[in-house]
Structures are given as structure tokens and as C-alpha cells.
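Asker: Take a look at this one; I'll ask things after.
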Amino acid sequence: MTQDSQHGKWTISSSDDDDEDLPLSGTTTSKPQRPAVSSHSSHLSASAPSPKLEPVTATVEVKPEPANTPVSSLVIGSEARQLAATNQLHPVKYESSPSLAGKRKKEVSDGSGWALSDSDDDDDDDGDVKGKSLSNLPKRAPPSPKTKKPKVEKERPPSPHGQLYYIDEPEDFFESSIPCLNDPYRFYLNKVTGLDRKYNSGALHIRDILSPLFGTLKESAQFNYCFDIAWMVKQFPSEFRDRPVLIVHGDKREAKARLVQQAQPFPHIRFCQAKLDIAFGTHHTKMMLLWYEEGFRVIILTSNLIRADWYQKTQGMWMSPMFPRLPKGSSESAGESPTFFKRDLLEYLAAYRAPELEEWIQRIKEHDLSETRVYLVGSTPGRYVGSDMERWGHLRLRKLLYDHTDPVAGEEKWPVIGQFSSIGSMGLDKTKWLKGEFQRTMTTLGKSSLRSDPPMHLVYPSVEDVRTSLEGYPAGGSLPYSIQTAQKQLWLHSFFHRWKANVTGRSHAMPHIKTYMRTSPDFTQLAWFLVTSANLSKAAWGALEKNNTQVMVRSYELGVLYVPAAFNMKTFPLHKNLFPASSFGFPVPFDLPPTCYSSKDQPWIWNIPYSQAPDTHGNIWVPS
């Protein structure tokens with residue numbers, strides 16, 4: 001079966017394999033193949049390393065596939081997404097006759113064709129790009145076969161866009177300012193380089209978050225997926241730069257060694273390795289625990305701790321109030337919020353079974369979290385039965401929506417919206433997981449017995465969205481939807497809607513944020529809203545097993561759920577104009593209603609070439 005589009009013709013395989021067939025235990029097999037990318041030649045230095053150099057981007061560990069695994073479903077393994085960087089170090093400039101692609105591999109038949117690579121791997125990943133295969137690196141003249149490039153494993157990976165890619169921010173870009181303290185939602189976007197200043201008003205850069213204006217920092221814990229430790233340290237103000245930092249990560253073996261090596265110049269940094277006992281899982285949670293002289297703060301966000309994530313992407317975060325210390329001798333139940341945030345955060349941290357987190361657990365117990373108005377929605381790896389099935393993943397979200405939202409009139413017409421930056425394998429048709437499990441969760445409203453089937457809008461950037469973005473095609477390196485996955489679920493593409501965010505000035509800042517919500521048919525009200533690290537994948541949200549008597553979750557994820565009742569509302573109002581921000585309208589970061597893909601639109605697929613038209617920097621995208 002073939003399908004034609006403005007981006008060429010691509011072949012659909014006859015495989016019916018789904019990641020339900022994956023082994024349910026063991027270790028990660030290998031890392032997903034990484035597309036070679038276009039780059040900005042005007043930013044390259046003469047000393048840029050060959051794309052075949054493993055060292056600069058770190059050596060990729062590849063393990064044999066487990067036996068009897070029909071589809072190689074890969075996670076994004078343990079090399080910081082800085083690996084994406086190498087792909088931008090060597091340019092493929094646009095030419096009027098795009099003949100580059102066909103010369104690379106015979107299966108790439110057209111410079112813009114959607115064609116399969118040699119691999120049949122299917123990545124049920126969670127969206128952040130770590131160690132992709134180094135065979136998929138940017139195009140340049142091949143070195144002489146007589147010249148053997150040395151491996152350099154000690155050099156820290158370069159930025160994801162090349163050494164000189166970044167535009168310097170204006171002097172006032174990092175001027176710290178405390179967001180409106182009357183903001184009831186405490187939901188913020190990140191600052192984006194290159195936007196009109198008004199669209200960064202009220203937004204936060206990591207330097208703002210760590211600013212002394214928010215508190216006198218004593219110690220922090222940084223939970224994340226990708227780290228550039230030297231860059232992270234520089235984001236702390238000079239007076240806090242040597243304060244203890246605990247890095248909570250999921251890296252193993254060589255990747256863990258590289259991470260530890262990154263931290264050698266910084267003796268104030270310690271590590272906590274998250275246990276990943278189920279194959280293909282990742283530590284995808286992004287959270288900061290900040291302990292101040294004045295109290296304690298939690299920030300749950302969508303950004304990795306690398307510069308690219310804070311540069312020209314759309315990201316989001318929830319920032320807690322400053323939690324004061326409880327009086328000595330307070331009971332264990334003291335300082336709890338109406339949303340039981342304290343209990344749930346302690347339960348989430350306990351799930352790591354990590355001695356390194358014990359002191360943080362104790363600190364949280366000693367603080368008053370009663371002002372929190374959001375619910376915690378986490379995922380932790382494991383198989384859960386009975387009442388434990390509702391502790392994590394989408395069944396946790398379902399339970400919260402059942403208990404804390406109310407039915408609405410005509411709810412069968414209230415659409416569900418999911419917005420994300422990566423997509424896993426959904427199955428042969430929509431009934432397998434998307435409708436069978438996930439939509440049932442997303443359509444839960446209170447104790448209504450109505451099993452409605454409202455519209456489901458999935459917001460994911462199209463090829464044109466990526467091509468015309470601030471970053472150009474390199475933005476697609478953070479949108480790892482593979483052709484191997486896409487070819488098996490063409491049915492999913494009928495749900496897709498464009499990324500348009502004129503309301504926040506971020507239409508050209510590609511989303512790494514993940515949000516889910518339920519809106520009224522006229523898009524003026526919200527029944528609930530979730531910001532989270534979880535992409536559209538079973539690994540992130542969990543999948544039912546054993547005739548629905550067990551749920552299996554592969555990854556660590558974390559988000560916060562807003563429900564109107566916690567804010568003394570029946571629904572959240574939606575306002576069209578967020579600048580200046582309204583203290584009442586909920587700040588959904590993209591345009592509503594979403595814009596459905598046209599017949600010419602295609603979802604961004606990161607491991608196929610796009611060479612028919614240049615991006616905003618004059619480059620094309622040519623995978624190996």
C-alpha cells in the first residue's frame with residue numbers, strides 16, 4: 001500500500017505488529033535511529049568534527065533485540081538530547097535540484113519521499129531525544145576511506161544546534177521579574193528567543209526561576225531526562241552556583257558514566273539513579289524541588305535541562321507558592337492541601353525507593369503545602385492490580401476526573417484535546433488503546449454514566465509547521481515520531497490538528513509542552529486542564545493487561561491537573577487574548593479551536609527526508 005502527498009510517496013508495510021507484543025520485562029534494547037538533519041552552514045566552524053565521530057556525541061550502546069520480538073520498539077536511551085546536536089553541525093543547504101537524498105540509500109527514492117530506512121524499529125518513545133543511532137547523522141562529503149577517525153569519548157556533547165547556532169538574547173531578556181502573585185493558576189510558559197517582547201511578558205526562563213527574587217536557595221533537586229550539567233550550573237545566579245544539587249536521572253551504564261563525568265568539575269552535584277525495571281521505560285519526569293531559607297517550592301515543567309529546550313520551543317510549567325515551614329511538633333497530616341498534593345508528592349518520591357531522596361521526603365513533611373490547588377498526576381514503572389491500578393498513569397487521571405469534576409449538559413459534544421511532542425504505537429486501530437482506554441479516561445466527567453464519544457482533537461506539528469518554525473527543520477529533532485510507527489497507524493492521522501499559537505505568539509516556536517483538556521463545543525470553557533511530561537504513548541500513560549485486571553506503566557512522568565472545583569468554579573473560562581493576561585481566563589498556550597490538517601498536510605516524521613523546500617534557515621532535512 002502506498003500513499004502520496006506533497007512530501008512524496010511512502011510505502012506502508014504489511015506488518016500488524018503492535019507494541020503489545022513487546023517483552024514485558026528486561027532492559028532497554030537499543031536507541032532509536034536518529035535522523036540526520038540539515039544545519040546552518042553559516043554557523044559552522046572549520047574544525048567541526050566529522051558526522052561519523054561517535055565521541056563528540058558520545059558512544060551509542062546497542063544491545064541485541066530480545067528473542068521473539070516482532071517489532072523492535074525502542075526507547076530513547078540514555079544519551080542527553082544534546083546528541084541531536086551533531087546533526088546540526090554539518091549542513092545540507094537547499095538546492096533547486098534536490099538530488100542529495102537519492103544518493104544516500106537506495107530506499108530513499110525522492111528528496112522529499114516518505115520512505116523506510118533499513119530498520120524496522122518502532123519507537124514507543126517519550127519524546128525527548130536522547131542517544132539516537134549515529135548512523136543517522138547529517139550529510140557532508142564522506143572522509144577518505146583510508147582515514148580512520150578517532151573516538152573521543154571525553155568531550156562534552158555540543159549544543160543541539162551547533163556551536164554557534166544560537167542567537168544572543170537581548171540584554172533585557174533575562175531581567176528577572178516575579179509573575180503576578182495574584183495569578184490563581186500559577187501556570188507559565190517559557191521565554192522564547194526572537195519573540196516580540198510582549199509575548200515573553202509573564203513568561204519564565206530558567207534563570208528567572210532560580211533567581212534570588214524567588215527565594216534564597218539553599219539546595220535543589222533536579223528531576224529530568226536530559227542534562228547539560230555545565231549549562232545548568234551557569235543558569236544559577238553566582239551566589240547560588242555552589243549550592244548542593246541532586247540530579248535525579250534514568251541513565252545507565254555508559255550513559256550514566258558520561259553524566260557523572262560531566263559533573264566532575266562540580267563537586268556540589270550528587271546523583272540519584274531512578275530504577276527502570278521494565279524494558280523501554282524512561283525517566284521522563286521534569287521537576288525541581290527548591291529548598292530556600294524562606295521555605296520550599298515545587299516546579300513541575302516540560303523542559304529538559306539543556307539550552308535548546310529553553311531557546312525557541314514552547315514549554316510550560318506549574319510553579320508552586322512558597323511553602324512555609326510548619327511549626328515544630330506538627331502532626332504528620334499537617335500542611336495538607338484540599339487536593340492532597342502533599343500526600344501524593346510524598347508517595348511519588350517514595351516510589352523511587354532511593355535513599356538519596358529520603359532527606360527531601362523529610363523536608364517536604366516539614367512544610368505547609370496547604371495552598372496547593374492542583375492535583376498531582378504521575379506515572380511510575382510497574383504492574384499494578386486492584387486499587388493500585390488507580391495510583392498512576394491515565395487511570396490515575398480517570399480517578400481524579402471521576403471524583404473531582406461534574407457532568408455538564410451536552411457533554412457528548414464537549415471535545416477532548418491532546419497536545420504532545422511525541423507519539424508511540426497505538427495499535428492497529430483506534431479501538432486498541434486510544435479509544436478503548438485513553439479516550440474513556442479523557443471523557444470521564446464526574447459520576448456520569450454516559451459513555452460519550454465526543455470529538456478528539458490531537459494537536460501535533462505538521463511538516464509545514466516545522467519547516468517554517470524559528471528553528472527550522474532542526475526543531476523536528478524534538479518531535480520524534482518515526483515512519484516505522486506512523487506507517488502502522490494511518491488511522492491516527494485523521495485526528496491531527498496543526499500547531500497554531502497566535503494567542504501566545506508561539507506559532508513558530510515548536511511545542512515541547514504537553515497538555516490535555518476538555519473544552520466546551522464553542523471553546524469558551526474548560527472542564528479541566530493538565531500540563532505534564534507525558535506524551536501520547538502507552539509507555540507514558542500505561543496500558544491495561546490481563547483482561548483489564550492489571551495496568552503496566554513503563555516510564556516516570558509527572559504533571560498537574562487543574563479542575564474548576566479546586567478554584568471554586570464550575571468551569572474555567574477561556575479568553576482569546578492572553579496579552580495582557582486575564583486573571584480569570586485560563587491561559588491555554590495554543591489557539592482554540594484547533595485547525596484540522598488539510599488534505600496537503602502531513603504530520604512531522606523525523607526520520608524521512610524533506611528536501612523539496614528549504615526551512616527558515618535555508619536548509620533541508622536528509623536522514624541517512
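Cβ atoms here come from the backbone N, Cα and C positions, even for glycine.
Heads up, TrEMBL stuff is auto-annotated, nobody curated it.
Pasting the relevant annotations from TrEMBL:
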- 38-51: compositional bias 'Low complexity' (COMPBIAS)
- 118-127: compositional bias 'Acidic residues' (COMPBIAS)
- HIS284: active site, nucleophile (ACT_SITE)
- LYS286, LYS514: substrate binding site (BINDING)
- HIS512: active site, proton donor/acceptor (ACT_SITE)
- SER537: site 'Interaction with DNA' (SITE)
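Help me understand the surroundings of these features in the structure.
Answerer: Cβ-based neighbour count (10 Å, all protein chains) for HIS284 (active site, nucleophile) stands at 32.
In sequence order, PHE223, ASN224, TYR225, ILE300, LEU301, THR302, SER303, ASN304, SER533, LEU558 are the residues of the chain that are 6 or more apart from LYS286 (substrate binding site) and have a CB within less than 8 Å of its CB.
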Asker: What is the interatomic distance between the Cα atoms of SER537 (site 'Interaction with DNA') and LYS514 (substrate binding site), given in whole Å?
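Answerer: Counting only the Cα atoms, the answer is 12 Å.
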Asker: Compute the C-alpha separation of HIS284 (active site, nucleophile) from HIS512 (active site, proton donor/acceptor), stating it in Å without decimals.
Answerer: 13
